[in-house]
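These notes concern the structure reproduced below.
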């Protein structure tokens, strides 16, 4: 990539210094003036990585310019014919051109950083294979610049909720030759994924919505006499609902190793179909989609599930993932010229210990395991009973191979906390509900020919399918109790779920939250104000709401400075000085508070005449009926400096204009920073570590329940699966944005009425910055697909929380964990699962496991490892250290 891509102004600098230039050149600063400590280490790390990433960016950009002739462009008519076919086996094979660039590497090697660079240097659609992967990428991108939310690849190509239960592989197509040509492989994948693809295709072409946005832009160009394509970008400014695939031909998929091999063709198919249907400029130019697959083929498995209705069993099997398919399939490998379109990232930057990093490379690339490696892993082994005892390793994350083991540990942990007398970690239970429609259930029994099927049995078999996340099986849940409401046509199944107060949790899906306060220390709140992190993360819809909210917290929280001065043991002289300085600061920022400053300078120490504050000018006497004697005694008894005149002289209103909103925030922020500086000067570290709590209204606690006077003044936001939260309790306080959101959902009439009457509590969480929020309930609808019939069966309502105290190894993929204790199974031990589990830790000092997997009998995928080792020796493959 040219230097101008990284340093846009460099070329202009060279021009100004060329021979004959009249411009005076400022001499550079002497070398001795340069201080390398002025820059953080991250700056140097980014520059050392740039050399390796530049060729990756340049090659992907080169692939994105590739075009095919008009004869090679898939015609729109071919896509329109597909829904009319009786069977997908009748599909006429057609070559759908595409390019692939593969980015692989071991855990923590910088693959996500490469995605960040691609996002900043070119127009591309960034996606994740799963919701967790998508949100991990979003977290990475938003840490540097404001970015739109990242969708999964399924959301981008048109996958919908009713496709979850689709029966994949219902039709099978066998290629007629070996090795098969690319169009034969593509037909095989389309036939395999037919139930989903035909529904997406039919839905697109049967839609009455206009798809002439690009035609309108081209007509406008002709009308204005502009060059073709000069106004194309306006289409995305005026039509926000345009598919992202019509904007660019570069599609990036993070954690692509979790996808089955057929998804490569599915993405290519949908890209061509959407661009053909919308007649996009890149379709007219014959541009070819570039699928950038990011991940590790040795870390992950692609899993497919199939539910057998007759026996009520869910069968899960592993299938060839898309990365392995690209690397090992001869036809695909040669078609995409893999050697010149592959970058391998090496070195684990998550855990930077040399010996441990070498061990990770051995597991990643299938290198020979030596006795030295085994002895290193021996140092991490402790008895399994030690890991499974909740009294040991408090605060560590347990990793298990199955949901059943996670649930068993959570039940053991809760039982331990109930008898331990622990005050910080208190156990409490809340109900979760599943609403089953009786008419749909009766129809299901009829279609599946199971007239005697009981609802209890069906619920037990479908517990993991009814909810919208697999971690629901990790919970410590009680026995399900069913209640029939005949008038509503609904059966309500209630299950009590146990939670731990003050434990670390994460949300299980992207959920709505309502931020209403802050709970932390003076130091952490000061850091939030200086960093503007809240504005960047919470002000996604309108920054004014975020500033209004912070102004509310600042105004409510100022009293904390005065509360600190009432602590016993403080030096009285410094306390008086703090009162005096705060009074002067308040008088400076709020002119009406100047009376306080003069009172604080009164050497006599006489009480301030509060009655005089309300007397008109020139008033010398009169009746005292305007003042209640009790109030007079209260005010007169206070030392004149102990009253925060901010609350006496400043009327807190909610401004409307942007200028007024920011002016109010700036004044209150200046006052907070000024007071913070005064207290740091007088009290130092004792002050900055003191608690600072502020909310939009008064709150109180009763056990694990939190009572809030009003939520007015809070701000609505989004909770992501990648965020870490502390569970602070629950509340039944009404949150009107949640009520409005529920009203907009098209729920079954009986379910909506029953759920509305339950007044289901909502969880209160504190994020890593200290902000307190109410989390909306997690409501998911379950649609069953049986023999081409879709049945709207049930609606599940729970709290959408997953504990970070224990999880499955598969769930931990992509996470960085501080302290990890792993329980590996003694049978069916796979090295790729071992690698995923061990590579989660940021330091091997905080890693424990129940056995040494290298000394146990295990399975190892040597085929893919051999291909990766061959690639490392291939000079055409880009290696990034």
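Quick reminder: no glycine exception, Cβ is built from N, Cα and C everywhere.
Feature annotation from Swiss-Prot assigns ATP binding site to 105, 106, 107, 108, 109, 110, 111, 112; the stated evidence is sequence analysis. Counting every protein chain shown, the Cβ of residue 106 (ATP binding site) has 25 other Cβ atoms within 10 Å. DSSP classifies residue 106 (ATP binding site) as coil under the three-state reduction.
What Swiss-Prot records for 13-32 is compositional bias 'Basic and acidic residues'.
Taken from Swiss-Prot, the feature region 'Disordered' covers 1-32.
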Where residue 112 (ATP binding site) falls in three-state DSSP terms: helix
Residue with minimal Cβ packing [other Cβ atoms within 10 Å] among the binding-site residues 109, 112: 112
